[in-house]
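J.: Please read through the structure below; I'll follow up with questions.
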Amino acid sequence: MRYFTAGESHGPRLTAIIEGVPAGLPLTADYINAELRRRQGGYGRGGRMKIESDQVEITSGVRHGLTMGSPITLNVTNRDFKNWTEIMSAADIEDKKKSIRKLTKPRPGHADLVGGMKYRFSDLRNSLERSSARETTMRVAVGSVAKRLLEELEITIASHVVVLGGIEVDVPENLTVAEIKERASQSEISVVNQEHEQEIKDYIDQIKKEGNTIGGIIETVVGGVPVGLGSYVQWDRKLDAQIAQGVVSINAFKGVEFGLGFKDGYLKGSYVMDEITWSKEDGYRRKSNNLGGFEGGMTNGQPIVVRGVMKPIPTLYKPLMSVDIETHEPYKASVERSDPTAVPAAAVVMEGVVATVLATEILNKFSSDNMEELKEAVKSHQKFIKEF
């Protein structure tokens, strides 16, 4: 399975084309829209979310609620485009109009300046429009298709916020994926411990008044994953590496870890490694899950536990200093519509990205043209693993 996305933040629409989804997967626009609503929610979201009410249109690859095995095309209209029709026009317009909303004061931490240098733009809006987090709308849409496939294989996935603005959430031990999903869904900031809810929301309000932004850390957990996804035989076939690439490809994400992650650097091997057990009923298991469900770049049957860190949003309402690319004079950076934080919403994006990587690897290992064949292949593999 592979996909491409297209579209600008203030253009007419966003598009994704997905290839390789087996025929016979139940899929509806309502299911995708529910995921898009999750992305638009979360405490701390700003004005753009009041303008946009994302609704997907499926224009190919699905008929009568079932995928057809052909490329799936998803479109989401940008409602705000009506205010940007000339500014974002594909057709040439007069120079006077081109100067409207021209961006020449790049924002520190954003793609504005480097994108302008790379593609030789005199108007840095060209960098801003495609590099905007608005593109994550389609990452969620694509991820919802992947999640639908995982559900059919009884693979569950959930995400929650574990750190927001430096405030750490006390996460109860041994929560199931279903419990994480339920608890996070009841929180405006996607935390599983309500004791932190008001403290974090108050801090978000404070940050907004300051004209500042905050980042955080998100954890995604996947249960029911078959043993042996990924491979050790080549570097690029290691599944944890593929997930790491996917997570860090999300706008503003700067790091990723699995299981104990960076704590491994402070611990002894006798503590970190997960001891192996065997029983006739369950086959091979691990006593712990310090490695986050991976050994040798392959899934080992334990839940996948992956965390990603998101930096604070670079657009500040009290902007930092920058330089005008036309005059080379120091100026405060440009201000675009922004939020004090998007970490809760980014949890939905990360969940979709991890689901997409997993679905892709499943289809690589259990290559199937239709869902019936796929389910049979996975079931046969699971039987072999249990009897190994």
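Glycine too: its Cβ is placed from the backbone N, Cα and C atoms.
Straight from Swiss-Prot, here's the annotation block:
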| type | residues | note |
| --- | --- | --- |
| BINDING | R39, R45 | NADP(+) binding site |
| BINDING | R130, S131, S132, N251, A252, G296, K311, P312, I313, P314, T315, R337 | FMN binding site |
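Thinking about packing and proximity, how do these listed features fit into the structure?
T.: The Cβ of R39 (NADP(+) binding site) lies under 8 Å from the Cβ of D54, T136, T137, V140, A345, V348, V349, each on the same chain and at least six residues away in sequence.
Taking Cβ-Cβ distances under 8 Å and a sequence separation of 6 or more, the neighbours of I313 (FMN binding site) in its chain are T213, G215, A252, S338, D339, P340, T341, A342.
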J.: Between the Cα atoms of S132 (FMN binding site) and R45 (NADP(+) binding site), find the distance and write it as a whole number of Å.
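T.: Roughly 15 Å, rounded to the nearest whole number.
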J.: Tell me the Cβ contacts of R45 (NADP(+) binding site) under 8 Å, same chain only and six or more apart in sequence, or just say none.
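T.: Once residues fewer than 6 apart are set aside, R45 (NADP(+) binding site) is near D339, A342, A345.
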J.: Do any residues at least six apart in sequence from R130 (FMN binding site), in the same chain, have a Cβ closer than 8 Å to its Cβ, and if so which, in order?
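T.: Correct list: E8, S9.
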J.: Sort out the sequence-distant neighbours of K311 (FMN binding site) for me: same chain, 6+ apart, CB within less than 8 Å of its CB, listed by position.
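T.: Same-chain residues close to K311 (FMN binding site) (Cβ under 8 Å, separated by 6 or more) are G109, G215, A252, F253, K254.
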J.: Max CA to CA distance in Å over the FMN-binding set R130, S131, S132, N251, A252, G296, K311, P312, I313, P314, T315, R337?
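T.: Site span for FMN, by Cα atoms: 43 Å.
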J.: When you tally the Cβ atoms that lie within 10 Å of each candidate's Cβ, which of the binding-site residues (S132, T315) has the highest tally?
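T.: Answer by Cβ density within 10 Å: T315.
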